[in-house]
Amino acid sequence: MRKMLAAVSRVLSGASQKPASRVLVASRNFANDATFEIKKCDLHRLEEGPPVTTVLTREDGLKYYRMMQTVRRMELKADQLYKQKIIRGFCHLCDGQEACCVGLEAGINPTDHLITAYRAHGFTFTRGLSVREILAELTGRKGGCAKGKGGSTHMYAKNFYRGNGIVGAQVPLGAGIALACKYNGKDEVCLTLYGDGAADQGQIFEAYNMAALWKLPCIFICENNRYGMGTSVERAAASTDYYKRGDFIPGLRVDGMDILCVREATRFAAAYCRSGKGPILMELQTYRYHGHSMSDPGVSYRTREEIQEVRSKSDPIMLLKDRMVNSNLASVEELKEIDVEVRKEIEDAAQFATADPEPPLEELGYHIYSSDPPFEVRGANQWIKFKSVS
């Protein structure tokens, strides 16, 4: 009797509250899927665009939520490590733009290709690398995805051709990847990303021309986050309709803060390219919460109130969360459990990224040429011979 009373007392006092919460989540009957209305895309040289309604399954919703939370927390951890001077050099964060990288990946196949600019952490993750590999690369450790030598911009994954530090230079490369897809007869597309700040680069228009001329399966994607470094799009461009910039290339403007809009637009664009019609252009209207880079506080050319308004009204993670909870695809408690798991994953990765050793100096020349004999590289003080290994 005493044991029974003690057990009842523990339940009433809340000692079993956390396990009970898990039982509640596990036993609740959730919907398998739900249909949502999404914003209609603005179109250029297209008679029809992506659908204005879409179905989200519970499984996909939970996956998207976890991925976006992981990207958000990973970027916030990178911010912390940078301020602690553990991450050094250039570092461009993408928090606020999670619906872009996760939504684009949801609309293509793993065998498709992607190349982007220097704001690349989120795409590196969605292309399949772990948080541990990404943070270790940021801190310059051997366990990083590029052996600690690439840093923030130069990360690689399967069918991901890294970021590019030269503004707009990745766009002709993306057209070249699309050319390889067509030349080799593969049913694949290349997503070629650039920002609104790069949209005025001449090489981009040259890539447009060749892609259209050769009908390459290339999706040109402008991530319009409203500011090129510290310059607003209105001050930098005579026309801010970036989806029309291709002129002879069809385009669509997409709500880049809504992962479902991004997913459906990407599926539409990929199907267009796979059909042999040639390239298509997408403009994702999005927003970055951080400044241009870690050296930019981000409040000298925009107000804190503007940033807060976007956070409160258009945050991509909150938008997905509200949809899932209100349509019985998930519960608040279940999503909180995901948040806890993501935070733990990030902390574990950060510990690895700070404890893993840096690559030794003698490995500086590794992974440059695959089969050439050893060569000499001039060091700071003397000539040092490095091995050339794959």
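Note that Cβ sites are derived from N, Cα and C of the backbone, with glycine treated the same way.
Copied from Swiss-Prot, the annotated features are:
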- H92, Y118, R119, A157, G165, V167, D196, G197, A198, N225, Y227: pyruvate binding site (BINDING)
- Y118, R119, G165, V167, D196, G197, A198, N225, H292: thiamine diphosphate binding site (BINDING)
- D196, N225, Y227: Mg(2+) binding site (BINDING)
- K63: N6-succinyllysine (MOD_RES)
- K63: N6-acetyllysine (MOD_RES)
- S232: phosphoserine (MOD_RES)
- K244: N6-acetyllysine (MOD_RES)
- K277: N6-succinyllysine (MOD_RES)
- S293: phosphoserine (MOD_RES)
- S300: phosphoserine (MOD_RES)
- Y301: phosphotyrosine (MOD_RES)
- K313: N6-acetyllysine (MOD_RES)
- K313: N6-succinyllysine (MOD_RES)
- K336: N6-acetyllysine (MOD_RES)
- K385: N6-succinyllysine (MOD_RES)
- 1-29: transit peptide (TRANSIT)
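Within 10 Å of the residue listed as 'phosphotyrosine', counting C-alpha to C-alpha distances, fall the following of the binding-site residues R119, G165, D196, Y227: Y227. Other Cβ atoms within 10 Å of the Cβ of K336 (N6-acetyllysine) number 12 in total over all chains. Long-range neighbours of H92 (pyruvate binding site) (same chain, six or more residues apart, CB within less than 8 Å of its CB): Y118, R119, A120, S152, T153, H292, S293, M294. Shown are the modified residues S232, S293, S300; of these, the residue with the fewest other Cβ atoms within 10 Å is S300. If you compare Cα positions, G165 (pyruvate binding site) sits closest to N225 out of the recorded positions K63, N225, K244, S300, K313. Closest to K313 (N6-acetyllysine) in space, going by CA atoms and restricting to the binding-site residues D196, A198, N225, Y227, is N225. Spatially, by CA atoms, the recorded positions K63, D196, N225, Y227, S300 include one closest to K277 (N6-succinyllysine), and that is D196. In this structure, the CA atom of D196 (pyruvate binding site) is 7 Å away from the CA atom of N225 (Mg(2+) binding site).
Neighbour count (other Cβ atoms within 10 Å of the Cβ, all protein chains): 12 for K277 (N6-succinyllysine). Candidate modified residues: K63, K244, S300, K336. Nearest to Y227 (pyruvate binding site) by Cα distance: S300.
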